[in-house]
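**Student:** There's a structure below that I have some questions on.
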């Protein structure tokens with residue numbers, strides 16, 4: 001079973017991940033991981049921290065001479081900014097007046113600060129925000145890219161892109177293939193399909209930054225190449241759409257997830273929302289894809305369409321009212337270094353967490369000790385589906 005765990009704080013020395021369940025014999029391209037890490041740091045509307053960090057992955061275990069061993073894989077992404085926080089974030093030295101200078105007592109509305117402090121009895125809310133920070137998604141992207149490389153070896157490709165920023169819809173075209181989407185979104189720094197809206201959105205982001213405010217948006221992930229029948233209908237926790245939804249909602253700032261036409265499908269009669277079935281020499285197909293490639297908790301062979309709604313970043317330079325957890329006085333919330341919008345990097349993160357769930361689903365469906373064996377079994381299964 002494919003599992004992973006991450007550890008580390010935003011201004012600690014590094015983010016660390018251990019992945020278990022990647023088959024032996026998978027060629028790992030470190031450059032691909034680093035390319036995704038760089039993409040996560042990019043995009044219009046990012047804050048100043050991205051000028052400090054230059055994320056690169058280090059592989060400390062589970063890979064030898066470029067090939068996975070089948071044993072747990074350890075990944076590390078260093079935090080360069082830790083050099084400025086080493087005493088404040090020191091794991092063993094006692095707290096002093098000097099290293100408590102960045103103590104946080106004024107929780108930010110919309111963040112984990114207050115409720116996390118209440119739950120774990122922290123009076124210095126930095127103990128909460130350091131882990132709840134989206135900085136954790138850097139190491140999660142590294143995990144996801146390993147899974148994307150596994151998926152590619154199994155004939156599965158995917159891409160995440162930005163559908164909307166604030167009130168502006170940027171997805172004005174019909175669904176496209178993964179390769180077509182990639183070609184389009186790499187032509188701008190917003191990962192959007194509508195090239196004619198780039199300048200408008202730059203202006204919107206600039207105006208929002210000057211106002212001390214932030215923006216959210218919508219993200220879409222498209223997946224090509226998943227065979228039918230991955231996932232299950234027999235138990236609630238084996239439904240692939242439920243697993244994908246949980247993974248998406250586990251990403252910082254996500255407040256909604258849908259599959260295919262999603263919430264919009266509820267507005268239409270069933271005759272306009274289902275995907276009619278056809279058959280040819282290659283097997284069964286759907287004449288449309290309103291359901292986003294998932295029926296009954298299982299893939300149906302059509303492209304997967306996963307949508308995610310991201311709230312505006314709650315760290316505001318135009319700080320909102322809050323209550324000091326020590327004095328109980330009404331004050332302005334703490335202000336941490338932040339972005340105006342993180343919708344672009346979030347699309348990379350969502351792409352990668354979807355990849356993790358799909359890799360889990362495929363390795364759970366077949367013998368995944370060795371890549372070649374997994375490929376043989378998947379090829380035989382695809383052939384079986386064609387003959388059904």
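Numbering starts at 1 and runs along the chain as it is shown here.
Each Cβ is built from the backbone N, Cα and C atoms, and glycine gets one as well.
Just lifted these from Swiss-Prot, have a look:
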type	residues	note
BINDING	40, 46	NADP(+) binding site
BINDING	131, 132, 133, 252, 253, 296, 311, 312, 313, 314, 315, 337	FMN binding site
**Student:** Could you state the whole-number distance in Å separating the C-alpha atoms of residue 313 (FMN binding site) and residue 46 (NADP(+) binding site)?
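**Tutor:** With distance taken Cα to Cα, residue 46 (NADP(+) binding site) is 11 Å from residue 313 (FMN binding site).
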**Student:** If the FMN binders are 131, 132, 133, 252, 253, 296, 311, 312, 313, 314, 315, 337 per the record, what's the largest distance between their Cα atoms, in Å?
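**Tutor:** Comparing all Cα pairs, the maximum is 44 Å.
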**Student:** Around the Cβ of residue 253 (FMN binding site), how many other Cβ atoms lie within 10 Å? Please give the count over every shown protein chain.
**Tutor:** 20
**Student:** Neighbour count first, Cβ atoms within 10 Å, every protein chain included; then name which of 133, 315 tops the list of binding-site residues.
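**Tutor:** Of 133, 315, the one with the most crowded Cβ is 315.
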**Student:** Reported as an integer number of Å, what is the Cα distance between residue 46 (NADP(+) binding site) and residue 311 (FMN binding site)?
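**Tutor:** Between the Cα atoms of residue 46 (NADP(+) binding site) and residue 311 (FMN binding site), the distance comes to 15 Å.
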**Student:** Look at the binding-site residues 40, 46, 131 and tell me which residue has the greatest number of other C-beta atoms within 10 angstroms of its C-beta.
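**Tutor:** Its Cβ has the most other Cβ atoms within 10 Å: 40.
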**Student:** Tell me the Cβ contacts of residue 311 (FMN binding site) under 8 Å, same chain only and six or more apart in sequence, or just say none.
**Tutor:** 110, 216, 253, 254, 255
**Student:** For residue 311 (FMN binding site), name the DSSP secondary structure in the helix/strand/coil scheme.
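**Tutor:** The residue in question, residue 311 (FMN binding site), is coil (DSSP, three-state).
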